[in-house]
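Participant: Got a structure for you, questions after.
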């Protein structure tokens, strides 16, 4: 624990020369509002918001370039509260600064329908750049924002001197001990150093207290040394009241352009709560009426009043609105001058901000003739990306060290990064479009979210479907935010073969489909893959993330695939030859991905027994379920109860479509190490097995 002598030193104020009494009053107002808000609702996290009051005030009122009247301003600095549990750290600044929150919003913290939920939520509260709460995600996504900022500079103003472009700005982060403990921040911080992201400035609130009290029980490392080892520019500031040290550290960080900056700020959580500061009780619970009253007495507030804000304090802090507009106007002059110099790049920016695709963008998408050589859908996806590359400069992405397997490299594209990281295989350029995440799947997921949130480019990242498990927290958060991230997940079943059960996805398709707002797209062949990419890129403005599920093994190019059908999520690929117009089939075979070919072959076997089968390709259940009832009933007539679903994964998500009388050809156990043909045969993924299931469904 921190000694009383250390607490005294850490809480000794150091203010710059232009700091006034009203600045101190504003900081104390933040502390009291945080204590009052949590006390009123009865739960929450007051301590960090209290001890970080000087830092938050300094960032929002004295450092960051932003305009409270336009929270979407292209030239703004971004702020990420990775320590999302301390949401009041952000909310109170948004209130004081005039971003759209009022005192009543602070009073309604964590209540139904309020603008101030327990953790900050993107799209919900003006001024919130990203949903945070699951620790580590914010810092990792901020790395993506910093990468996006550089890539966008390359698209729009590549030749400007550092700091001279209207597209230059900073990404500021506040991270906690918990953020630092999470593995995703280690992954992302390592990559940030590789990328030399000089526009990223992270404040680490080193208060050494968590829910279980003193973090020494679980965190003993020299975190600053760890970040130095990564290659970050590292500074240490003693004391959360040390505004002079905070501002000096910010200035130093801004001057370092070839490395991200890490500022370890030693604070005393809950200061100035006399009995609970520097304890776990200040972290995640209301302080209690007596302790809140004691805090108010210490800072000169009336202990019998709640939510006190002096009029002169609010007038002072709301002055940020005018200052922000002035900064915006100065920036606008620079932006307008750039627009006159760069009319073509300005047109590109306008198109991206309008979320439009260029005319003819999909005219050169590859097409494969039915019956041509079998092709893995991952290979088809790679061909599609290379065709799209010249038309869509906003499209960029890569892989978690599996580019050759995922086929995620756009042909001819340089790698993104400082030239110094170039290898024999890859030429890096500051503004390249091929991303190398390394074996950092979790960070990749969070970084993609940061890129998309920063806007306005489109980013994708690839790995094996099995390793989507490593990405799941970031994927869920992207779905919660309804942002348009793209995940390319290949090697999608036991069909990957010899790598064996550790790498063969079994439960993954159903597990991913369980995430609300995530679209899981598993095309049947090369053409469906092209149609899927077309649909994914045409979906914008909060359509939600998409996981594109692709095969390792070759699959035949099928007859009858349909672009509109793919966009609708499911469609009739083939009806039995003897079926008359308007006549319903005897049985419906529903399949996805590499198993659609089995349904087509089973249709022929069933026809030999005078059973008329319909084959439905269902690349995306989520898109299909969003269609009108009329369309869904036309594809899957309710009167046809004999149904079979075929997918090389667990059956869990298919019962809703096949019903109690239907059959599911699935795999409910882990695989083995063997070639894909052997595995499909031994585990019952054959045309004969599908036909037999159809006959059972007819008998049910």
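Keep in mind that glycine also has a Cβ here, set from the backbone N, Cα and C atoms.
These came from Swiss-Prot, pasted as-is:
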type	residues	note
BINDING	45, 283, 378, 405, 491, 499, 552	substrate binding site
SITE	45	site 'Important for catalytic activity'
BINDING	48, 85, 133, 134, 135, 178, 207, 283, 467	thiamine diphosphate binding site
BINDING	177, 207, 209	Mg(2+) binding site
SITE	283	site 'Important for catalytic activity'
ACT_SITE	441	active site, proton donor
Participant: Given the binding-site residues 133, 177, 207, which one's Cα is the least distant from that of residue 491 (substrate binding site)?
Facilitator: 133
Participant: Just to be sure I understand the packing, how many Cβ atoms besides its own are within 10 Å of the Cβ of residue 283 (substrate binding site)?
Facilitator: 24
Participant: Which of the binding-site residues 177, 283, 405, 552 has its Cα nearest to the Cα of residue 135 (thiamine diphosphate binding site)?
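Facilitator: In terms of Cα distance, residue 135 (thiamine diphosphate binding site) lies closest to 177.
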Participant: Give the number of CB atoms, excluding that of residue 207 (thiamine diphosphate binding site) itself, located within 10 Å of its CB.
Facilitator: 27
Participant: Quick one: Cα separation, residue 378 (substrate binding site) versus residue 133 (thiamine diphosphate binding site), in Å?
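Facilitator: The separation of the Cα atoms works out to 34 Å.
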Participant: How far is it from residue 499 (substrate binding site) to residue 467 (thiamine diphosphate binding site), counting Cα to Cα, in Å?
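Facilitator: Residue 467 (thiamine diphosphate binding site) has its Cα 13 Å from the Cα of residue 499 (substrate binding site).
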Participant: If you count the other Cβ atoms within 10 Å of each Cβ, which of the recorded positions 135, 177, 441, 499, 552 comes out on top?
Facilitator: 441
Participant: Determine which residues of the same chain, besides 177, 207, 209, have their CB within 8 A of the center of the CB atoms at the recorded Mg(2+) site, and list them by sequence.
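Facilitator: Here the nearby residues are 48, 176, 205, 206, 208, 210, 215, 267, 269, 283.
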Participant: Should any of the recorded positions 45, 177, 405, 441, 552 have a Cα within 10 Å of the Cα of residue 207 (thiamine diphosphate binding site), which are they?
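Facilitator: Checking Cα-Cα distances against residue 207 (thiamine diphosphate binding site), the recorded positions within 10 Å turn out to be 177.
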Participant: Hey, does DSSP put residue 209 (Mg(2+) binding site) in a helix, a strand, or just coil?
Facilitator: strand
Participant: Run through the Cβ atoms and count how many others sit within 10 Å of the one on residue 133 (thiamine diphosphate binding site).
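Facilitator: So the Cβ neighbour count for residue 133 (thiamine diphosphate binding site) comes to 19.
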Participant: I'd like to know which of the recorded positions 177, 209, 283, 405, 441 sit within 10 A of residue 467 (thiamine diphosphate binding site) at the Cα level.
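Facilitator: Checking each Cα against residue 467 (thiamine diphosphate binding site), the hits are 441.
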